[in-house]
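Listed features, source TrEMBL:
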DOMAIN    1-291  domain 'Deacetylase sirtuin-type'
ACT_SITE  His125  active site, proton acceptor
BINDING   Cys133, Cys138, Cys189, Cys192  Zn(2+) binding site
Amino acid sequence: MPIINDIPAFHAFLTTNPNSRILALCGAGLSAASGLPTFRGAGGLWRNHDATRLATPEAFRADPGLVWLFYAYRRHMALEAKPNPAHHALAALARQRRKFLCLTQNVDNLSQRAGHPPSQLRTLHGNLFTLKCFNRRCSHVEHNNTADPLVPSLAPASVTTPADATRPLPLVDADVPLVHIPASELPRCPQCASLLRPGVVWFGEQLDGALLGEIYEWLDEGPISVIFVVGTGAQVWPAAGYVQEAAARGARVCVVNTEVAEETLGPEDFGFVGDAAVLLPRLLEPVIGSTKDDGTFE
Ligand code: BJW
Ligand code: ZN
């Protein structure tokens, strides 16, 4: 039986391994307390929508306006959101423990905004605020573009009136008619005039090879004491594979999620059921200290 919701047991484990290597694999649930929806499950972005119509190169080729509307909305939501105590706790852990590496599948930039040291953060699926040229022969990339709206035709995705505040993403709300945005009104590459695309990794696309190489180098540097699996369904590859990779290097798995499938955990593993924004600061308290009113740690 895994160890479920036993914070003192986890604290004892953490403090008896002060110099060990720690890995985290994070997903959309990490940002749920910041008000950003997850992908799958109740309230998920893809609940009423076929993900392959929005997050594949084929979808972009077929209707770049529809895909851009989806990402323009996500950019707007992420810009309005603030990092939550879970992002801050992981950033504080990184500052305290140089041997901690955080792999995030999230593209919302919230870990970066929480001050997570860049050398200890790997963004597996890219970033909403990176723009890339869709033309494979062109190498144009722009980082940290936070313009909102990006172009006038994407302005509808940025509208957040009080009446809209509780509305789901227009694309998944069947009552909101979809507007067709012609390609001529979408963001264009300054180098070759092809369409720009969001700098995220879509289904069927390879993750950045250099980034994967760096992660394997880190994995192979030695044993790992624990892998935190935070707010992710761990269903998407290759990200999900890092849980097994860490376990194969000795790591105990520590799942922090509103839903924990106990049967997937080993007898030495930990499961904590609840909001990552509440649990992570408590779980990490022996290393990062207790939370102060301003959200930092002492
Ligand atoms: C809370 C909470 C709270 C809620 N607190 N918790 C090997 C085997 C099988 C399939 C494949 C394979 N290799 C490749 C594939 C195909 C594919 C894949 O994995 N498919 C699976 C679905 C089966 N993978 C790929 O295509 C990848 N490319 C690749 O491998 O290239 C080589 C290759 C290509 C083709 C064939 C073979 C090899 C690329 C994957 C890219 C994924 N991209 C997306 C979109 C990014 C852009 C965007 O954001 O729009 O990334 S998909 C989407 O899923 C997004 C996420 O990062 C990712 C993971 O989702 P996540 O974060 O886990 O979210 P949810 O919603 O699933 O879960 C949220 C969790 O939080 C839940 O558990 C909740 O309970 C919990 N939660 N509130 C704590 N408050
Ligand atoms: Zn270009």
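Using N, Cα and C of the backbone, Cβ positions are placed for all residues, glycine too.
Remember, TrEMBL labels are computer predictions, not curated facts.
Close to the recorded Zn(2+) site, the chain also has Phe134, Asn135, Arg137, Ser139, His140, Pro190, Gln191, Ala193, Ser194, Leu196: residues not among Cys133, Cys138, Cys189, Cys192 whose Cβ is within 8 Å of the site's Cβ mean position. Within the same chain, residues at least six positions away from Cys189 (Zn(2+) binding site) with a Cβ under 8 Å of its Cβ are Cys133, Phe134, Asn135, Cys138, His140, Leu195, Leu196. Rounded to a whole number, the C-alpha distance linking Cys192 (Zn(2+) binding site) with the residue listed as 'active site, proton acceptor' is 25 angstrom.
Of the binding-site residues Cys133, Cys138, Cys192, Cys133 has the largest number of other Cβ atoms within 10 Å of its own Cβ. Sequence-distant neighbours of the residue listed as 'active site, proton acceptor' (same chain, 6+ residues apart, CB-CB distance under 8 A): Gln105, Asn106, Val107, Val200, Val201, Leu207, Ala239.
Among the recorded positions His125, Cys133, Cys138, the residues whose Cβ lies under 6 Å from any atom of ligand 2 are, in sequence order, Cys133, Cys138.
Model confidence over the domain 'Deacetylase sirtuin-type' (1-291) stands at 92, taken as the mean pLDDT rounded to a whole number. Within the set of recorded positions His125, Cys133, Cys138, Cys189, Cys192, His125 have a CB atom less than 6 Å from some atom of ligand 1.
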